[in-house]
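A.B. asks: Among the features that Swiss-Prot reports, topological domain 'Extracellular' is placed at 1-26, 77-95, 159-199, 257-270, with the record citing sequence analysis. Annotation comment: Swiss-Prot describes 27-47, 56-76, 96-116, 138-158, 200-220, 236-256, 271-291 as transmembrane segment. Marked as topological domain 'Cytoplasmic' by Swiss-Prot: 48-55, 117-137, 221-235, 292-309. Per Swiss-Prot, disulfide bond is recorded for C95-C177, and the stated evidence type is sequence analysis.
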Amino acid sequence: MENSTEVTEFILLGLTDDPNLQIPLLLAFLFIYLITLLGNGGMMVIIHSDSHLHTPMYFFLSNLSLVDLGYSSAVAPKTVAALRSGDKAISYDGCAAQFFFFVGFATVECYLLASMAYDRHAAVCRPLHYTTTMTAGVCALLATGSYVSGFLNASIHAAGTFRLSFCGSNEINHFFCDIPPLLALSCSDTRISKLVVFVAGFNVFFTLLVILISYFFICITIQRMHSAEGQKKVFSTCASHLTALSIFYGTIIFMYLQPNSSQSVDTDKIASVFYTVVIPMLNPLIYSLRNKEVKSALWKILNKLYPQY
């Protein structure tokens, strides 16, 4: 990847330069990141340790937890370190690495959410063929395809962004290396890079289309059910996934459909906090609080660890 940049490091300006907010932000980011590690790590352990959870739905959920750890870890540790030390510098290579892993894991999440929607469609709309549709091979293929597509997309984004020259200011008006502030910082012609980023962004719309089509057929199937109890049961199995989908895609759409302005930059930062650190923390809570199987598996683990209680 050819690069003629004179910049060797960037300065991440962060969420705010108000010194009175640095400690509260540090504590908030640290707390959320620790909960993210505990929640997603715990979810993977629970699913791995209970044979009853070795199903396609929980296979994708364990991968989702891994991905949430990945893209949260691409951003949160550096942000916490900068808030703690006051050192806002990040090397050129460090910025490129953060950018690559964040975009990669975020795109993988899109594909995993689409795979989970397809799994729910197969379970609700074709229950008699579910075991032959969602085989171990199909699940592995969908998961592998998600990771390959995600990091291929990240490679295209990184190539389109870091081939540019950064020969002026090195101050990124953000708390991590994201696409819009980096393109705004470049002193090169960014039209081709913006086009590449736009085309590569088709991943988000493709996965959203798969999700919408899957849930369209799920809704039709629910409407055809004569039993209110059956409708309630089907809806409850999809409720957690729908909640996670709404939060994730709602935040992305809100961010990238805003007009460019000084106010939208600050709004983008707040939205970025939500989808970089808050959503990875919320996902294990969303999928476990209303899930009897996960809660049952958790109690089994706790009973083994602390039988006296």
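Backbone N, Cα and C atoms are what each Cβ position is placed from, and that goes for glycine too.
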A.B. asks: Report the listed stretch (96-116, 138-158, 236-256, 271-291) having the maximum count of Cβ pairs within less than 8 Å of the transmembrane segment (200-220).
C.D. replies: 96-116
A.B. asks: Sort out for me which stretch, of 27-47, 96-116, 138-158, 236-256, has the most Cβ pairs below 8 angstroms to the transmembrane segment (56-76).
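C.D. replies: Comparing 27-47, 96-116, 138-158, 236-256: 96-116 has the most Cβ pairs near the transmembrane segment (56-76).
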A.B. asks: Which number gives the other C-beta atoms within 10 angstroms of the C-beta of C95 (disulfide bond), all protein chains shown included?
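C.D. replies: A count of 24.
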A.B. asks: Near C177 (disulfide bond), how many other Cβ atoms are within 10 Å of its Cβ?
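C.D. replies: I get 26 for this one.
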A.B. asks: Helix, strand, coil: count each for the residues of the topological domain 'Cytoplasmic' (221-235), based on DSSP.
C.D. replies: 12 helix, 0 strand, 3 coil
A.B. asks: Using DSSP, would you call C95 (disulfide bond) helix, strand or coil?
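C.D. replies: DSSP assigns C95 (disulfide bond) to helix.
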A.B. asks: Within the topological domain 'Cytoplasmic' (221-235) only, compute the mean pLDDT.
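C.D. replies: Here the predicted model's pLDDT, averaged over the topological domain 'Cytoplasmic' (221-235), is 80.
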A.B. asks: Report, as numbers and ranges, every residue of the chain located at least six residues beyond the topological domain 'Extracellular' (159-199) whose Cβ falls under 8 Å of a Cβ in that stretch; write 'none' if there are none.
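C.D. replies: Here the qualifying positions are 1-7, 9-15, 74-75, 78-79, 82, 90, 95-96, 98-99, 102-103, 265, 268-269, 272-273, 276.
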